[in-house]
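Input: a single structure, listed below in C-alpha cells.
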Amino acid sequence: MKKLFLFFTLIFTAFAANSGLFDKKQTFLKVDDAFAFSATLSTDKSQLQAHWDIADGYYLYQDKISAELVGKSNPLSLHTQQAAELHQDPYFGEVKVFTHSIDGIFRGTFNNADDKVEITYQGCTEGFCYPPETKVLRIGDLAVSQEQIVEKTVEKNTALLSEQDRLADGLFHSKWAIFGFFVLGLGLAFTPCVLPMLPLLSAIVIGQQQRPNMMRAFSLAFLYVQGMALTYTLLGLAVAAIGLPFQIALQHPYVMIGLSILFVVLALSMFGLFTIQLPNSLQNKLNTWSQKQTSGAFGGAFAMGMIAGLVASPCTSAPLSGALLYVAQSGDLFTGAVTLYLLALGMGVPLMLITLFGNKILPKSGEWMNTVKQTFGFVMLALPVFLLSRILPEVWESRLWAGLATVFFIWFALQMSKNGFGYAIKIISFALAMVTVQPLQNWIWQTQTTTQSAVENMPVSQVKFKQIKNTEELDRTLAENPHSIAMLDLYADWCVACKEFEKLTFSDPQVQQQFQNILLLQVNMTKNSPENKALMERFNVMGLPTILFFDQQNNEIKGSRVTGFMDADAFSNWIEKLL
C-alpha cells in the first residue's frame, strides 16, 4: 500500500512539474488589444483624429505610423499631442516610440464620404514584434467629434487667450456682453479704416449750399451712421455665413474702381461742375425728402453711409472677429446682428460728434461756404486714393497722394488774398505745393537714384517670409521647423491692416529680433485661389489680417491667433508670451 501511494505521488509530482514548464510559455495580446485604435472626424472635416490605447509593456514606433487617401499619392502627416520617447530596440536600434495612449491628427480635406483613408502602424513588446497593421476607413462611416485636437496645446501656453476669443466667450456666457461692443466701437472709430469716413460725413453735413442748423446736422449725421451700421451688420453676417470669399469679393478691383469713380463724381459735383438730382417728376413726388441727392439730403446721407460701410468692412479687428466667431460657432444670428450693429454704432458716434461740433463752431453762412464746399471736394477725392491704394502698387499710392496734395495747395493759395496774413498763407501754400510735387517730378523726369528705386520695390519691413502655397507645403514646412514656434501670416494686397503690420510692426527692431527665433511663413490670400480657400477652411479664418502660431508638435497654439492690427509693442509682448 505504501508503495502504491508513493507511485501515485511521483506521478502527480511529475505532472505538476510539467505543468509549470508549460506555464512559462509567454502569451501576447492580439494586435487590436495591444494597440486599440479608433478614429473620428473634426466638425469642419479638416482633421482625421486618431487615438491609440497602448497596453502596458507595449509600444508603437513613431516612424511606422502613416496614412494616405486611397488612390491619391500624397501622404497625410501625423501630428501628435504626446512626445515620443527614445527606446533601444533589439530590431531597429535606437528609435522613438509611444508607450502610452496617443491622440493625434491627420490633416487634410475629408469632405467626400466615399473617400477611404489607409492608416498603417506597427508596434512591439519585449520578445515579440507585430507585423505592420493596416486599417482602411471610409470617411462617411466615421463619427464626427465636437472637439478639434488642434486646439489643444502645451502647458506653458494654456494661459493664452486672444482678445477675439475672450470676446466670443463673453457673448456665449452673457448676452449683456453685447453692449460692451458699443464701447469697443468707440475705439475703432480712430483706426485707419474708419477715419476716412470722417471727411465723407463732414462733406455731407457741412459741404452744402446753406449751413444746416443743429437739428438738421444731427439728422444727417445720424442717418449716415445708420446707413454705415446697417451695411456693416449685413456684411458681417454674410462673412460669418459665407466666409472670407465674400470679403475678398468686395475687394475685387472692379468694386474698388467703381466706388472710386462714384466718389470722384460726387467730388466734382461739389466743385460746381454739375448738380446731381433726381428727375423733376420724382422730385415733386418726394418733395424736400430727396430734392437733391447731393450732400445735405437725408436720402443721400443714408446712401453715403451704406457706401461707407462697404469701405470700412474689409478691415478685421479683434472685436469684429469676436462677433463673427460667435455667429459662426453659435448660429445665433440675432445676437450676432445686434452685436455688429452696436459695434458699428460705436464707430459712428465719434464721427457724429466731430462733425456736429465742427459745424457749430463755423461762422454763419456766407461766401466762405463755397470755399468750404470745394475744400471738402478735395477731401472727398482722398477717398478714391484710399480705395485704389488697396489694388495699386505702393509707388502709385505715393504718386496719387502727391498729385492730390499739390493740386489742393495750389488751389488753396489762389483762394488767399494778396494782402497781409492772406499773402503769407499764399506763399506757404505754394511752398508746400513745391514739396508735395517732388514724387511726381521724380517719376516724370526719372531722377530717382538706384538706391531710391531699390527701396521702392523692397518690402518695408525687410522681413523674409517663406511663401506657402497650399496646406501640403505648410505641413511639410512645419515638420521641418528648427525653431520652437512658427508664425503664419495670412496677407492680401487689398488688406489695409496687413500693410500696417508690414510698415509699422514687422519693421520694429525688437520684433525683428524676436523673429530670429521663429519660423516665418506667409500666404498671399489676394487671389482667393482654391489653395487659399483650403487654408481658410482648415483654420476657420474669419478675415484678414490673421496671424497663426504653431508649436513644436506643429499644432496651432490655443489662444495665440492674432486678428486685426496690433502695434509693435503689443505684438512684441504677445510673442514674448509664446517664446
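In case you wondered, yes, glycine gets a Cβ from its N, Cα and C as well.
Here the candidates are CYS129, CYS193, and Swiss-Prot names CYS129 as the disulfide partner of CYS124. Beyond the ends of the transmembrane segment (420-440), by six or more residues, the same chain brings 398-399, 402-403, 405-406, 409-410, 412-414 to within a C-beta distance below 8 angstroms of the stretch. Secondary structure by DSSP for the domain 'Thioredoxin' (449-579): 54 helix, 24 strand, 53 coil. Of all the disulfide-bonded residues given, namely CYS124, CYS495, the one with the smallest number of surrounding CB atoms inside 10 A is CYS124. When the Cα atoms are compared, CYS495 (disulfide bond) and CYS124 (disulfide bond) turn out to be 53 Å apart. By a simple count of nearby Cβ atoms, those within 10 Å, the most crowded of the disulfide-bonded residues CYS129, CYS498 is CYS498.
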